[in-house]
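The following features are taken from TrEMBL:
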COMPBIAS  622-637  compositional bias 'Basic and acidic residues'
COMPBIAS  638-662  compositional bias 'Basic residues'
DOMAIN    1-67  domain 'Nucleolar protein 10-like N-terminal'
DOMAIN    76-338  domain 'Nucleolar protein 10-like N-terminal'
DOMAIN    343-391  domain 'Nucleolar protein 10-like second'
DOMAIN    456-482  domain 'NUC153'
REGION    501-530  region 'Disordered'
REGION    619-662  region 'Disordered'
Amino acid sequence: MQVSSLNEVKIYSLSCGKSLPEWLSDRKKRALQKKDVDVRRRIELIQDFEMPTVCTTIKVSKDGQYILATVVTFEILSDDYSKIVFLHNDRYIEFHSQSGFYYKTRIPKFGRDFSYHYPSCDLYFVGASSEVYRLNLEQGRYLNPLQTDAAENNVCDINSEHGLFATGTIEGRVECWDPRTRNRVGLLDCALNSVTADSEINNLPTISALKFNGALTMAVGTSTGQVLLYDLRSDKPLLVKDHQYGLPIKSIHFQDSLDLILSADSRIIKMWNKNSGKIFTSLEPEHDLNDVCLYPNSGMLLTANETPKMGIYYIPVLGPAPRWCSFLDNLTEELEENPESTVYDDYKFVTKKDLENLGLTHLIGSPFLRAYMHGFFMDIRLYHKVKLMVNPFAYEEYRKDKIRQKIEETRAQRVQLKKLPKVNKELALKLIEEEEEKQKSTWKKKVKSLPSILTDDRFKVMFENPDFQVDEESEEFRLLNPLVSKISEKRKKKLRLLEQQELHEKEEEEEPEGKPSDAESSESSDDEKAWVEEVRKQRRLLQQEEKVKRQERLKEDQQTVLKPQFYEIKAGEEFRSFKDSATKQKLMNKTLEDRLKIEAKNGTLSVSDTTVGSKQLTFTLKRSEQQKKQQEAEKLHRQERKRLRRSAGHLKSRHKRGRSFH
């Protein structure tokens, strides 16, 4: 008994290990079990689980109570062993009942495989012929055969969902037939689809295995070691899996609970996911394989080998142990005490390209190479010997690699330079310093630190795109940051120091000394005064710069020479004001910045600064000539009314005679 593990999937081999002869006495057996660890760990799950000769096919009855093995192939027609059909290698077909042999007949050509169609009670035989022979068990006679386009047929299968019959040919095609109409309904060229860019094909791939799963899924195995997974609605495979050995695929099974496909050739059993194609685990038996059978509703695997002894494997991940050996689930912990891992510590993984460089491609398929994923495992001693022969200077390369590693280790002990981005280096250095100060404060106060802007993907463009470079010469920056030049003086000096270190690849020099934090805090009032003075200074500088710009624009206007220009008035239009239209046209051609400057010059726009450094714009709307005339007329009218207005203070009310009205 052995325990192996690959991809954290444990596989228990229950048929390997030393066996004891039957003629030994019980006392001798007990003595051997005490001395020999292999004998003590051996579990004889099924006694005498071997055939008199080599078997090629192994199956389990539907009720899980019987295991059968034969030379060519057979089919179990009932839930138990009461109805079995055997296909012999001499063209004979034997029918067996529960009591034994029942009937014997013969087919015209040598058969290779057959399937049973339950709705019609027909047996479909394929073999060394282009015809598919049909034997009806209800009528007890042969029916008209199906004529295929192939010279010979190797394997066949019938879909249990809708009854579609499929046969694999030696030309590498799969023909699908409808048993109801006896017509071919589909043709798949698997040989062409099995050839990929990485595969090397020396001969035409033939179909060696065929299996349906559900109503729409079918797996096809080729004689060159490829497994193709098809959706019946498409003529292109969903996946193509290569066993890397170049050996014919002998058996294919589906494990629905884990969405796995089990494919086996004579050297290896691979289990892989049918959706992604990723290898789940693999198993390499002691002897070459002929057939594999998955025990129903369990994690047990049975193999027919090139020796009379058959194999039993238990994989707990695939399912529980069968009912007749449920004690295996309780023994798994004990079996894991001394596992033998298939993680090849004494092997070297090589790809096909490595084998070409070493000149070992002729070893593919031999016991010296074990196929695994996209390459092979080979003995590490053989690898070193061949590499020394191919490359006698391998020791010099090894020595140079060791020296390079030592140099890298010494470089790692140096003070690491701070890698600054290409854009906004000063801002990044400021953020790094603030982050260091926060880390010190959080370490003292034990406060959870927040993520930095430099490591946040949302702000990474600010340090990569030059469009986000901070313009320190702009008005807004100078007004909002009046002390930037003074505060960032140390940072700029440090930035130059880091750039020099990056260029010359030297060790980081000591940072320039500065005032301690307590001295900075004690001078906070001086900093406030300096901030006010710096703001006033910046305002004066901005006013002077604006004055110089206005003088330059005035000089440019004086130097320009006006030339007469002629304009054409379209027919039907009334000329109102040449000056207004020309001025309006000029304004429309200018940019927004130039238009704002003209408006400010004319007095219709005023720009003022707020206390926080932002800009405030005030517009004065223009009035038309008619509005101006109307406004002037209204003003004159009010003045005239004011002059003509007379006072009514001299008028006083007189008392009327008579009685007053109450």
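From the backbone N, Cα and C atoms, a Cβ is placed for every residue, glycine too.
The average pLDDT the prediction assigns to the domain 'NUC153' (456-482) is 77. Using DSSP to sort the residues of the compositional bias 'Basic and acidic residues' (622-637) gives these counts of helix, strand and coil: 13 helix, 0 strand, 3 coil. Counted with DSSP, the domain 'Nucleolar protein 10-like second' (343-391) comes out as 21 helix, 14 strand, 14 coil.
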